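What TrEMBL says about this protein:
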TRANSMEM  20-40  transmembrane segment
TRANSMEM  46-65  transmembrane segment
TRANSMEM  85-105  transmembrane segment
TRANSMEM  111-135  transmembrane segment
TRANSMEM  147-166  transmembrane segment
TRANSMEM  172-190  transmembrane segment
TRANSMEM  211-232  transmembrane segment
TRANSMEM  244-265  transmembrane segment
TRANSMEM  285-307  transmembrane segment
TRANSMEM  327-351  transmembrane segment
TRANSMEM  358-378  transmembrane segment
TRANSMEM  384-405  transmembrane segment
Amino acid sequence: MSASGSKRLSVKQNMLWNSIGCLIYQACQWAMTVAVVVFSSGYDNSGVLAFAMAVGNIYYPLATYNMRTIQVSDVHDEYSSEEYVGFRIVTVILGFIPMLVYLIATASSAALVISTVFWLLFKADESFCCVFYAIEQKAMRMDYIGISQAVRGICSVIAFSAALALCDNINIAIIAVAFVCVSVTLLYDYRKANALASARPRIACARILELLKRYLPAVITLVCYGAVVSVARQQFEVLRGAGALGMYAAVATPTVLVQVAASYLYNPLLGGIAQRWSDRDLAAFLRGIGSVFVAILVVAAAGVLASELFGEPVLTFVYGESIRGSVYLLTPALIATAVTTMFAFMFDVLIVMRSLRAALVANASALLISIVASRPMIEALDANGITCTVIAAFGVGLVICFGAFTWQVRNARPATVGGDAA
């Protein structure tokens, strides 16, 4: 059945389904960082999980090749859904190679390498199911995405907590998460996507090589984006140890909920933004982008207010008195999250505009700042050095994005399929 044969939901319905489901998923991801503290003695397992998550954030763009935005904004159907699925299989496998090299070079112990590899298996499934989400988003059926995210989030935190409580082994707990999520992908996501457009993989070498070459700047862009935070956190782990990183992660991870709340509000709008840019309806295009920025600022302000009012009692209730001395990290982390979200949206817009080189320059600049600034920032500000590094890196990247965006809009010309204007 084609997408046209399915009942399309409204933009508001898609936003609601997507936001609720994905917020549940991210809340459950945070709950895992709570569970690893509750069911472990000390913060070492939390540090291992935080390290694995940071490395997973670098692997994810390699595995997805940053194709979600490109696939959704492919308004001219240059590539079929089958080709996107086949391409995802290739990138998920290829992405493991550089990550293993990276792990061996950067991990402080063999045990850390093993735990991270198991986490990457989970991230491989998360990366693969995203190609089905893009099919559903193009078909305006993001209710399927919301249901999938909610189910896999709830099941994963239950599996993780149960395995950790029964076995007291972080590796078994991570394997349990991977198993339940793969099951959801095979039993639900594939079937729903295949009902909208053929999701059977088609792997044609010429088309795969074409996609690899054409969108290499996009994947390098997202690798740089994910590495900004990962570099700062790994530098902190080297300087202060896994326990200190686990303490920071326990406080900072809830801020991700603010980021996903904002990003899942704008993700359903990307298809419409892409269509307006393709049509060169600049007035509607700019209105859409302006409304997204207002939404991000509102969500961020609400998060900061909630942090100031309820941050300390909530964190001490969840983690106990041992976390009280680190509560001061929460509000700065929320500010960093707001800057991160605005930057992520702007380089998504540049990708929609097919200004891939500009997005790459912005993200590479942010990563360079993270590499150079993280160590002195951490030495000067301790855990808040991670936060300040992120704010500085993405702040500079945001300025670059705005500059490229302004140039693109002022020099807008009739669209050519697949062009990269900057």
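Backbone N, Cα and C atoms are what each Cβ position is placed from, and that goes for glycine too.
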Item to check | Non-local residues, at least 6 beyond the ends, that sit with Cβ under 8 Å of the transmembrane segment (111-135) | outcome: 3, 48-49, 51-53, 55-56, 59-60, 63-64, 67-68, 71-72, 81, 84-85, 88-89, 91-92, 95-96, 99-100, 103-104, 145, 148, 170-171, 174-175, 177-178, 181-182, 184-185, 189-190, 192-193, 196-197, 199, 242
Checklist entry - Between the transmembrane segment (211-232) and the transmembrane segment (384-405), are there three or more C-beta pairs closer than 8 Å, counting only pairs 6 or more apart along the chain? => result yes
Checklist entry - Looking only at residues six or more beyond either end of the transmembrane segment (384-405), which have a C-beta under 8 A from one in the stretch? => result 228-229, 232-233, 236, 248, 252, 328-329, 332-333, 335-336, 339-340, 342-343, 346-347, 349-350, 353, 355, 358-359, 361-363, 365-367, 369-370, 373-374, 376-378, 422
